[in-house]
Amino acid sequence: AAALPNNRSAVESVEEYIQNIELLNSDPSLEAYRDHFRYRIKRYAEQKKLIEKHEGSLQEFAQGYKRFGFNREDGCIVYREWAPAAQEAEIIGDFNGWSGSGYKMEKNQFGVWFIRIPDSHGNPAIPHNSKVKFRFKHGNGVWIDRVPAWIKYATQDPTRFAAPYDGVYWDPPPHERYHFKHPRPPKPRAPRIYEAHVGMSGSEPRINTYKNFADDILPRIRANNYNTVQLMAVMEHSYYASFGYHVTNFFAASSKYGTPEDLKYLIDKAHGLGLQVLIDVVHSHASNNITDGLNGFDVGQSSQESYFHTGDQGYHRLWDSRLFNYGNWEVLRFLLSNLRWWIDEFKFDGFRFDGVASMLYHHHGINMSFSGYDAYFGEMTNVDAVVYLMLANDLIHGILPEATVIAEDVSGMPGLGRPVSEGGTGFDYRLAMGIPDKWIDNLKNRNDREWSVGDITWCLTNRRYSEKCIAYAESHDQSIVGDKTIAFLLMDEEMYAGMSCLAEASPVIQRGIALHKMIHFLTMALGGDGYLNFMGNEFGHPEWIDFPREGNGWSYDKCRRQWNLVDTDHLRYKFLNSFDRAMNDLDEKFEFLSSQKQIVSSTDENEKVIVFERGELVFVFNFHSENTYGGYKVGCDAPGKYRVALDSDSKEFGGYSRIQRGVDHFTSPEGIPGVAETNYKNRPNSFKVLSPPRTCQAYYRVQE
């Protein structure tokens with residue numbers, strides 16, 4: 001039973017685990033794919049058993065960073081590098097004048113090169129914060145220099161334009177190391193995630209720092225009552241405009257924003273504020289950079305001697321990047337150790353795995369619609385990648401049971417969000433990626449009268465209820481150049497002059513502010529089991545994101561956040577920000593996001609009204625552009641007295657306060673209790689409300 005996941009009973013055998021797959025018992029429609037699930041589970045169990053046999057345990061296997069790369073051992077620096085294709089190898093750097101003649105490395109039977117460098121006069125032979133490279137000769141006799149694969153810091157020469165990154169030996173003396181002061185906060189019942197990019201988080205047109213983010217941005221996130229921060233672009237990437245998705249150095253915290261110690265300061269400060277911190281981890285592909293990336297170790301060798309597959313199998317044609325061979329022992333060591341490194345060294349609380357759909361299928365999801373279960377389970381499924389993800393989730397939750405792990409999977413593969421012990425892939429949540437597409441489609445292609453409240457509701461509720469989702473109306477994806485934020489789609493150029501409270505709002509601004517609140521609140525309340533917002537969208541940040549590039553004259557103007565807009569009291573951005581905070585406060589108080597109770601009682605296409613219950617609350621959304629409904633009948637579950645908990649029309653949110661706060665709404669019984677067809681829209685009770693156009697309200701039942 002050793003090869004079973006950590007939360008599986010030790011008395012069960014591997015064979016019982018394979019035969020009794022709980023995921024199939026809970027979803028009979030998956031029964032037709034039992035053989036596929038048996039195969040992938042058998043592969044996972046066998047792989048884990050092999051790791052335990054040869055490496056001790058999965059958790060020990062994932063401490064590769066204590067053996068590979070640079071480590072201190074018995075008065076020496078020991079450097080190890082897996083490079084089976086190399087014929088000869090040496091270590092070079094500032095410490096030896098970039099001459100490796102006296103620093104030849106030895107190779108073991110597994111293709112691992114190593115060297116032991118004794119201390120000099122009691123000091124490490126390689127000084128902290130000095131440059132190093134791995135020099136090796138491959139089959140054609142050519143010597144090449146590469147950044148070590150396990151390097152923990154990499155920097156760029158600021159005096160050279162587009163200079164490649166250099167590996168840096170990072171081992172600060174004790175007094176320069178950051179020492180964590182705060183414990184990890186408890187895992188929230190439902191994550192309210194603030195997606196952030198450190199580099200573009202400042203107001204000034206330049207790259208911001210870890211320290212500035214910690215001191216200036218974290219308090220804003222806490223003030224708006226988010227409980228989780230998701231950091232993008234932390235893993236080192238040479239091309240800034242890749243948004244961090246073309247990783248060059250997997251164990252290095254990006255030097256663009258500061259040092260590894262600065263990042264630890266940020267995470268510790270977040271913990272002190274009660275915020276969990278997730279890292280955007282990219283294990284779906286790697287930068288194809290040769291001089292400063294992992295791809296530099298590929299010199300045409302076979303796939304078993306490389307981090308990547310060979311030929312087309314090892315190249316993503318849309319992303320122009322390299323694809324890992326997840327069946328390779330050393331690739332598994334590298335990637336699993338990478339996950340543990342971020343947890344152990346930096347105290348991250350979990351991960352958002354990027355590009356999971358690309359990993360799950362040999363076709364990488366390119367031009368696929370994923371209609372029907374056959375698309376998920378068959379010859380096109382990359383079982384090596386599925387096994388890796390099962391091992392990864394097993395590892396993460398074994399080390400850190402409180403971890404939050406999210407999959408960015410556009411395909412919707414069933415079982416992805418169920419525990420490994422049930423035959424699932426083990427993620428806690430998946431991103432509900434269809435929701436922002438629905439909002440963008442409506443905003444771009446339909447006038448308000450053509451919006452179908454039934455269609456919107458179906459999109460928000462169309463998910464596997466046994467697998468948790470993170471809902472979002474927009475993320476960084478919707479803000480990139482060529483697209484627009486929801487606020488800018490709604491109000492466009494009128495935002496430049498029309499957001500002042502000193503003048504009456506134009507119809508465009510009125511509509512924009514009203515719908516911005518409704519879209520985000522409906523997404524949060526109905527779309528999933530957690531909520532995500534991208535930095536700045538909480539207050540309707542205008543325009544788009546455009547990283548410095550040749551096409552814009554290397555400008556940072558659109559690669560920053562204009563916090564002055566929300567901080568200026570006479571601008572209307574403050575209303576959207578206040579409503580965002582109120583949404584989070586509402587979940588903090590009533591915990592509706594974590595509730596399994598979700599009942600939609602009405603989607604009226606003529607009235608443009610959606611009524612539903614989530615947890616203890618009753619929600620009413622009126623998308624009509626003109627109609628006010630007085631005495632509007634709303635179905636509910638529990639009898640009693642209801643009051644407004646949140647009203648988007650309040651003046652503090654830029655509304656008109658047409659609904660009185662503190663008014664009691666008494667219920668009336670509807671039909672025979674327990675006989676749905678006699679009830680009002682299948683609800684046993686009802687109460688009446690006022691519903692102004694383009695507003696939404698949440699009602700709570702008063703506890704006597």
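Backbone N, Cα and C atoms are what each Cβ position is placed from, and that goes for glycine too.
Taken from TrEMBL as is:
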{"type": "DOMAIN", "residues": "213-583", "note": "domain 'Glycosyl hydrolase family 13 catalytic'"}
{"type": "ACT_SITE", "residues": "D354", "note": "active site, nucleophile"}
{"type": "ACT_SITE", "residues": "E408", "note": "active site, proton donor"}
Chain-internal residues near D354 (active site, nucleophile), provided their CB is under 8 angstroms and they sit 6+ positions away: Y245, D280, V281, V282, H283, S284, E408
E408 (active site, proton donor) CB neighbourhood, other CB atoms within 10 A: 20
Mean of pLDDT values spanning the domain 'Glycosyl hydrolase family 13 catalytic' (213-583): 95
